[in-house]
Every structure is written in structure tokens, then in C-alpha cells.
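Annotated features in Swiss-Prot:
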- 108: active site (ACT_SITE)
- 25, 26, 27, 28, 48, 53, 83, 84, 85, 86, 134: NADP(+) binding site (BINDING)
- 191, 195: Mg(2+) 1 binding site (BINDING)
- 191, 227, 231: Mg(2+) 2 binding site (BINDING)
- 252: substrate binding site (BINDING)
- 2-182: domain 'KARI N-terminal Rossmann' (DOMAIN)
- 183-328: domain 'KARI C-terminal knotted' (DOMAIN)
């Protein structure tokens, strides 16, 4: 069974009197920085000078420094910039300025797990990974709640790395909801596998193929959109709130029977075998290698795929349907 920590298992004491540098002030960086400050901790921000994020952080009362200057004065460094930007920033603006005994925190294990960032031996390397977007991290904190998170230790130079990870988790409100101990490998691999075979890749293609089948059979695209995409939220909300069995108890008997008899014939053992093939690509590092090479080429393949997604018929119909539902196009 997984080890789960709550508020009673964590303390802010390891962070008291220390300077925390949050590198990045995007959706996660801003939320975590604000929560940590509201928890009574000293937080500074490290950014490229002059950008919109710099001005926003200053306007919200933070001391803001260029990344290297923030790292040089920090005891705890939270690397909250996008994964693919991290290796270059690490090499040029973080690693040369780290203090011995510093604590380096990541919100995702990708660069550490796949060896794109190699920290020196004289620092702690930890991960605190909220399992929600930054907006929810902040909103739940302000409401007196929190979002769940994962914590992991990659390198324990101080002997207290887990305590630092739990302190950060407590400071951002995650221990209010529950924090699961994991490893960098497990977090990275399950995150990527889940995105590819279910949450982004699998779900997206399932919806698109269902839409295509209905339209090819002569049904109106607008009706098809509602049936396979719009109503997906209703089902996912039930699953999120009640679990899969609870969702089944929340739909009609006709939906139950149809879903339970037809679903396994579509998502069958052959699909499961394909899922495993692509999961193993993640585990072996093959996907990471492919993605790093793609990013180095300027993301040309990704741009083409995004354009194809943008122009799919479900998006053309969806733009009009979202205006009807929400009064404007939702990005």
C-alpha cells in the first residue's frame, strides 16, 4: 500500500528561517509561491528580467531576481518552469550558483529521471507534484482545503530530504488533502503513460472516432458533438465523484447494459496490448528521446499535429456549440 501523509505528518519547521526561490511564475509557480508565502515562509522569485511574469510577481509583492541571483541566495530552489526549458536554465543559471546543502525541488520527475539534469552530490533533490492545475492549487488553499500531491526523494544529502518535501507540500496546502510518497521514476512514467494512453491520447481519439462514426452514418454533426464530447464531462464528473461503479449506478439501466456489454468489445485485449507497447516506450526512455529530439528541431511535428487537431470537423462544430453553451468560444 502507498504511504500517505496528511497535515499531522508534516511540519513547516524545516523551512522556517530559510529563503525559498521559486523559479518561474507561471500557473504552478505563482500558485505555489503565493501559498508558501501565505503559510508564513520567505519566498523570492527567479525569472528572466523584464517579462510579463516579472511585472506580475512584483505587483503581487514579491522580491524578484534574475534566476542566478535568486538561486545564489536561496536555501530551497523550486524549479517550476516548463520541462523542456529546464535543462538549459539548470546548466547556465542554477547549477553554478547552488549552495552546498541546498534543497532542489521539482514538480515533475522528467528531467531527473531521464538524466537531462544531473544535480551535484551535495544537494537534496526532491519532488512535490500537485495533482491539479495551479489555479486549483491556489483556489483550494484559499478555501482552507488543498489538492493531493506526490512527493519523492531522489537524493538525500542532508538526511532530511523527505521532511523538506513534506514541508513544501504542507506549505502549499497539499497535506490537507493527502500526499502520496512515490519515486521520480514512478511519477514520471505513470504521468506520461496516463497522458498518452488515457487522458490526452486515448480519450481524445476515442471521442474523435466516435464523432466520425456518427457523422459518417448520417447523423447531424451538432447532435454527434453533444453525444460524444459534451456529455463526456457529465460521465467523467460522476466517475471523479463516485468511481466507475458509482457512475454506473448514476446512469440509466439502458446505458449500464449497453456500456457493460459493448465497451469491452471496443476497448478489448488487443487495445490493452497496444497500450502496453506504448507504456513500455515510456518506461524504456524511447519516448523521452523522441520528444527531446522533436523539441530540438523546433517542434515541427507537434505543430503539424496541432494544426490537424485544430481543423478536425469536431472542432469546427464544437466552436459553434461552445458559443451556444457558454456565450463565447472557449479556448
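Note that Cβ sites are derived from N, Cα and C of the backbone, with glycine treated the same way.
Note that the coordinates shown come from a computational prediction; the quantities given were computed from them, not determined experimentally.
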(message) With helix taken as DSSP H, G or I, strand as E or B and everything else coil, how many residues of the domain 'KARI C-terminal knotted' (183-328) land in each class?
(response) 126 helix, 0 strand, 20 coil
(request) Mind looking up the mean pLDDT for the domain 'KARI N-terminal Rossmann' (2-182) in the predicted model? (result) 97
(message) DSSP secondary structure for residue 25 (NADP(+) binding site), reduced to helix/strand/coil, please.
(response) coil
(message) Most Cβ neighbours within 10 Å: which of the recorded positions 48, 108 is it?
(response) 108
(request) Please tell me which one of the binding-site residues listed here (85, 134, 227, 231, 252) sits closest to residue 195 (Mg(2+) 1 binding site), measuring Cα to Cα? (result) 134
(message) Please identify which of 191, 227, 231 has the densest Cβ environment, defined as other Cβ atoms within 10 Å, among these binding-site residues.
(response) 191
(request) Report, in whole Å, the straight Cα-to-Cα distance of residue 108 (active site) from residue 83 (NADP(+) binding site). (result) 8
(message) What whole-number Å value do you get for the CA-CA distance of residue 25 (NADP(+) binding site) and residue 227 (Mg(2+) 2 binding site)?
(response) 39
(request) Taking Cα atoms as reference points, rank the recorded positions 108, 191, 231, 252 by distance from residue 27 (NADP(+) binding site) and give the first. (result) 108
(message) Within 10 Å of its Cβ, which one of these binding-site residues (83, 85, 195) has the largest number of other Cβ atoms?
(response) 83
(request) Measure from the CA atom of residue 85 (NADP(+) binding site) to the CA atom of the residue listed as 'substrate binding site' and give the result in Å, rounded to a whole number. (result) 48
(request) By CA-CA distance, flag whichever of 85, 108, 134 among the recorded positions is nearest to residue 231 (Mg(2+) 2 binding site). (result) 134
